[in-house]
Amino acid sequence: MPLRVGEKNFENRIHTGLEDAFMRGAVRSAQERLRTRKQESSEELGDWEAWRDLGEEIRTHTLNHLDYYLEQLSDKVAELGGHVFFAQTAEEANDYVRKVAEEKEAQKIVKSKSMVTEEIGLNDVLEDDGREVVETDLGEYILQIDDHDPPSHIVAPALHKNREQIRDVFRDKKGYENSESTEELTRFAREQLRQEFLEADLGITGCNFAVAESGSISLVTNEGNARLVTALPKTQVTVMSMERIVPTWEELDVLVSLLCRSAVGQKLTSYITGLTGPKGEEDVDGPEEFHLVIVDNGRSEILGTQFQSALHCIRCAACVNVCPVYRHVGGHAYGSIYNGPIGAVLTPLLDGYEDNKDLPYASSLCAACTEACPVKIPLHEHLIAHRQIITEKENLGPLPEKWAMKMFGSGTSSPRLYRLASKQAHRAMRPWTKGSNIPNGPGPLKAWTNIRDLPAPASQRFRDWFANRDREDKS
Amino acid sequence: MPRGNIQHRENFLNHIAEQSGRPRSQHVERPAWKQQPQWQVFKHESSDKWVERFKKQCEHIHTDVIETETAGVGETVAETIGRYQAASLMMWEDPRLEEAGLNKHFREQMANLGVETHIWDKSKGRENINIAEQTHVGITYSDITLAESGTVVLFSSADKGRAVSLLPETYIAIIPQSSIVPRMSQATQQIHQRVQNGETIPSCINFISGPSNSADIEMSLVVGVHGPVKATYILINDQ
Amino acid sequence: MKVSFFITCLGDMFYPNAGKASVQLLEKFGCTVDFPTSQTCCGQPAFNSGYHQDAKKAAKQTITAFADSQYVVTPSGSCAAMLHEYPQLLQDEPEWSSDAELLTQKSYELTQFLVEVLGVENTGASFKAKATYHTSCHMIRLLGVTSAPQTLLDNVEGLEMIDLPNKHDCCGFGGTFAVKMPKISKEMVDEKVSCIQETEADILIGADAGCLMNIGGRLTRKNDAIKVMHIAEVLNHSE
Ligand code: SF4
């Protein structure tokens with residue numbers, strides 16, 4: 001499944017989202033739970049702002065020296081006998097993994113949750129070669145067996161589905177016969193997947209953070225599937241996007257702590273697994289062969305630009321969980337596997353403006369995202385910067401808007417013109433005024449008054465009152 | 001193990017440097033971070049207080065804590081196994097477990113109760129995995145224990161297989177109180193120091209906080225997904 | 001203390017009473033208030049929509065209009081926050097950037113000015129009513145004013161303040177967002193309206209003309225009798 005998913009047209013996607021009453025209920029209650037939990041667990045620390053500052057400083061430093069840390073990482077991995085492949089593009093990454101699978105004659109491949117493999121569309125490539133690829137994260141598993149329904153949240157991919165829908169998917173696709181209780185559904189998935197783990201020839205994981213100093217990768221999960229994927233198959237392939245790296249284990253601590261609290265309000269998730277190279281010579285479990293694929297796929301174009309801090313993202317979804325726009329339209333409306341505020345920032349950077357020019361406008365700029373981000377990415381400022389590029393560089397802004405803004409520019413820079421226009425407003429709007437409101441405005445005001453009344457411009461502006469008062473005072 | 005391959009590195013890294021508008025970074029010192037709140041957590045508290053915090057946190061992560069004196073470890077584990085009505089157990093080949101009381105006598109006791117005992121045996125290779133898969137209870141020793149998050153840190157090795165804490169439905173960790181530190185920071189600092197000293201660190205280090213769980217369905221928490229469904233910590237009063 | 005008042009474009013045209021109340025409040029606490037008549041709009045609509053060249057024109061006009069002022073006070077958190085954007089917006093124009101910095105330093109939102117500069121926590125107002133307060137996003141998150149309005153409102157005699165559920169959620173105004181993404185904006189304002197209704201307050205108080213226009217307009221469209229007031233009007237009210 002590549003970066004862009006679902007229906008092409010933004011308006012249609014919004015419409016579908018807003019019409020989906022169940023999804024909206026699900027998102028609302030999920031958001032409420034997640035943000036309360038995050039709130040509590042970050043308040044508990046007492047000095048959350050200091051933690052955020054530290055997170056930001058670590059990410060900034062690491063991204064500023066990314067080549068150095070990636071070099072160190074790859075040297076360490078190779079020293080331990082692991083193989084490292086640097087992939088500039090999605091194709092290069094996919095081709096490499098495909099070759100490894102071929103060499104190992106892998107029939108069955110188990111995967112733990114990974115955004116970057118979704119982004120590069122790895123599953124399709126492997127499946128086209130006739131291999132069976134099994135997603136083992138519960139949410140991903142549900143989506144996969146439901147004919148590859150796209151994920152709608154970067155941490156909880158099946159957030160848009162309720163238990164009845166999941167029961168039906170299990171029944172139709174896997175012959176499930178029990179109830180819609182979450183315990184029974186989960187138990188069923190456990191039983192179905194256990195066998196897959198034991199039979200798999202190849203395990204594929206993402207990487208939450210690589211640790212440069214020791215050539216380690218870390219996986220943060222609750223379900224334990226990533227542990228199975230990396231303990232049982234004889235070959236392990238880890239696909240990481242190039243920015244997901246920390247200098248040492250000490251920084252791993254900080255970022256993992258920020259991630260767990262921000263993503264799910266836990267102090268630590270059930271499992272944080274640090275893996276260093278293939279298994280030791282005498283070790284029994286763990287992979288005999290380890291491949292690390294480091295993916296660029298457009299990220300380096302963001303380095304050195306005003307958007308560099310977008311690469312600081314640790315994919316915790318805290319910004320998604322506080323976003324009022326996401327709350328109403330849901331994840332699919334973004335048309336990208338990266339949704340919510342970070343999706344609106346990242347998708348145009350990775351996929352260009354042409355098809356994503358609406359995304360940066362899907363925000364009221366309330367800055368709740370910026371406030372929530374554990375590594376202090378100024379998300380709403382990035383959205384404004386995108387808008388600037390769309391209107392002033394790419395020239396993709398609608399024409400009437402461009403004219404309106406031109407007039408705005410000349411109007412506001414000429415006090416005389418401005419005063420005149422605002423003085424006329426009361427009289428000009430009189431034909432549409434009912435009482436003190438305008439319920440049905442003309443022309444461009446329609447978009448406003450379709451939904452809410454517009455107050456009628458006051459007959460005496462503030463500045464008139466002030467001027468009169470001044471005059472009276474003086475006389 | 002022979003050195004692994006690195007492919008396509010130079011172009012890739014040169015491109016990064018170029019995009020960043022500078023030559024390749026030759027040497028980078030990790031700076032002293034301006035803020036370091038992680039070291040403040042529980043800093044001025046006594047180790048008794050850490051133990052208390054640890055126990056409290058375990059309530060939140062669906063994990064039973066059973067306290068015992070040094071002499072009573074075998075007994076306590078036996079009782080726990082009985083409570084779970086388990087018919088088999090598997091544990092690490094680990095002298096610390098032996099010393100703690102999971103010794104010959106304990107194994108005999110288990111045998112009398114009809115509980116099969118398996119010890120991870122590297123000479124049996126992958127057969128260990130099949131055993132672990134069929135076994136009801138997995139037992140390991142905690143290398144470092146984190147008060148804040150109720151976490152046991154496990155360093156895997158040839159004798160200390162990854163599967164023991166993963167495949168059986170029930171997981172038991174043997175935890176000496178003296179292994180408790182405030183939080184993850186102290187554990188990662190130790191690992192960092194080992195790396196700096198040029199030591200090879202274990203190929204797998206797990207930070208485990210309770211049984212596996214998921215909230216992927218309607219955000220409602222279900223305990224027990226792919227890993228263990230139940231977890232018990234046996235806390236030894238060794239201080 | 002000399003204060004120049006920045007009414008803002010929406011305030012000037014739609015909420016003159018909020019402006020009057022603000023001026024009276026400032027005078028009550030010893031300020032001499034002037035009104036530079038060459039002021040227009042802070043430039044936010046263009047800035048937030050990405051038309052920074054057009055926004056710069058408004059910014060320069062505002063800087064010029066308040067060049068001689070000691071303090072600039074405005075009854076809008078959002079516009080005050082916009083004035084704080086000027087140094088960034090004009091960073092490539094050296095002849096403007098230092099003036100932009102100066103303006104930022106002397107600009108305040110009304111309640112912020114009352115509490116932080118004048119040290120006023122009680123304006124001596126009295127108002128017998130049940131009210132709830134809508135925090136504006138830009139005031140708390142961009143300007144960083146989190147408690148001043150609440151402090152002042154809590155001290156209004158007779159005013160019963162009811163906490164607004166989900167108070168930190170945006171009302172869906174967002175400037176041009178309200179007309180560019182009308183469907184989403186409608187859902188947001190509807191959710192806000194139902195939270196307000198839940199409080200059973202008689203009055204909704206806000207500190208930003210944009211939010212008041214949006215929420216107020218939706219309330220009257222729904223024939224809801226809840227009255228919408230600017231915080232300055234409440235703080236200047238006496239029974
Ligand atoms: S942008 Fe920040 S808040 Fe959003 S997912 Fe990334 S790290 Fe988390």
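Quick reminder: no glycine exception, Cβ is built from N, Cα and C everywhere.
Record check: TrEMBL places A:CYS313, A:CYS316, A:CYS319 at the [4Fe-4S] cluster 1 site, and the matching candidate among A:CYS366, A:CYS373 is A:CYS373.
For the pair A:CYS369 ([4Fe-4S] cluster 2 binding site) and A:CYS313 ([4Fe-4S] cluster 1 binding site), the Cα-Cα distance reads 12 Å. Break the domain 'Lactate utilization protein B C-terminal' (A:385-469) down by DSSP state and the numbers are 56 helix, 5 strand, 24 coil.
In the three-state DSSP reading, A:CYS373 ([4Fe-4S] cluster 1 binding site) counts as coil. The two recorded residues A:CYS323 ([4Fe-4S] cluster 2 binding site) and A:CYS373 ([4Fe-4S] cluster 1 binding site) have their Cα atoms spaced 11 Å from each other. Across the domain '4Fe-4S ferredoxin-type' (A:310-377), the model assigns an average pLDDT of 96. Chain C comes close to A:CYS366, taken from the binding-site residues A:CYS313, A:CYS319, A:CYS323, A:CYS366, A:CYS369, A:CYS373 by a C-beta to C-beta distance under 8 angstroms. A gap of 19 Å separates the Cα atoms of A:CYS316 ([4Fe-4S] cluster 1 binding site) and A:CYS366 ([4Fe-4S] cluster 2 binding site). Less than 6 Å separates the Cβ from ligand 1 in the case of A:CYS313, A:CYS316, A:CYS319, A:CYS373, drawn from the binding-site residues A:CYS313, A:CYS316, A:CYS319, A:CYS323, A:CYS366, A:CYS373 in sequence order. Cβ-based crowding with a 10 Å cutoff singles out A:CYS323 as the top-ranked of the binding-site residues A:CYS319, A:CYS323. In this structure, the CA atom of A:CYS366 ([4Fe-4S] cluster 2 binding site) is 14 Å away from the CA atom of A:CYS373 ([4Fe-4S] cluster 1 binding site). For the binding-site residues A:CYS316, A:CYS366, A:CYS373, the ranking by surrounding Cβ atoms (within 10 Å, all protein chains) places A:CYS366 first.
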